[in-house]
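Take a look at the structure below.
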């Protein structure tokens, strides 16, 4: 689809669905376009949509946006009566109560917000891992958090980084609450006899420019010893923050100091709180995935019923047209002898036992449909519809067929949109002790007669 001006989109949202300030709507649109905020961006933005340095997006009159392929999957089949619609705020339009998503968006991109007496903080996850867990749950209804962790290793942040320790992940998936430690990814380079720390990935939601400023201030104030220079060499290829060390400085000691004093290490407090049936609740991982699975079943059943009714309605019309073609001379004679459409319809209904819809379809039929080729096409279409109706009815009668459709659709989404995990997970996490911040080197300590202690 073509790009639309962001101001137009925001105006439509405010005018039709959300009668509040434009800034909150535009901020949401911007966030959905940021690949450092969303694990799978839902908006394809054109123009300046902000940066990991905390730069604001350009004004909405300058930027343009359209949906990504993933967001199209969230809306797929919405026109097939798959979800309930409710009145909008001024009762002039209908809006969906929920979306018929094929993607577990809540866990994929996470969510964050506060309200009176409650807060939610759901981290992003890897789509492939989520869908593997969903496939497992189709055949294993009573799957536990431990079972699902065969597939879902833990949060997968768009900015990468490394999670240290699995205890917080296990707690979150079992109880809905947990805390995980995230550290920046780095590698060490050498420059002459000096070591250089290069940061390749930052913890989720860390402002890069503010982090660099903080490191520079700590070095200047000598709160962190051993840093000679900090500079940002990031480009479109990715993040590269260079921390040059002094000649005798040890990179491990400097890093431990930075973990302690800067957002190179952060804590993400997970709260899996969501609203279900208009009530907020803290869920564990199996409960959330079960709700997604249940939603998919409801959507598929409603879509099947919609397609079935549509197929039956078309088959009903074709049955009427077949009767007309089999008795074409008499049909033409009835129509020619009638004073108007209403009389013709009534006569056709009486003569052939047709419904109002069938008789109208006969009157609307073009003369070109009378050719042999068109008659064959009509018969072929009718036979296809009968086969489709039988297939749709069998889906509604069989739980196994329903599960197979869920599996096929999940596998299709997985094939189209999966990518590799970005956040690594280390098994253990050791708290940084004060001794980790001090270089381990031999020294001489003297004590004077007056009781002074001195390191030489």
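Positions of Cβ are set from backbone N, Cα and C atoms, glycine also.
The active site, O-(5'-phospho-DNA)-tyrosine intermediate annotation in TrEMBL covers 62. Residues or ranges marked as coiled coil by TrEMBL: 375-423. The domain 'Topo IIA-type catalytic' annotation in TrEMBL covers 1-437.
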Would you mind pulling the DSSP three-state label for residue 62 (active site, O-(5'-phospho-DNA)-tyrosine intermediate)?
coil
Can you check how the pLDDT averages out over the domain 'Topo IIA-type catalytic' (1-437)?
94
Cβ neighbour count (within 10 Å, all chains shown) around residue 62 (active site, O-(5'-phospho-DNA)-tyrosine intermediate):
13
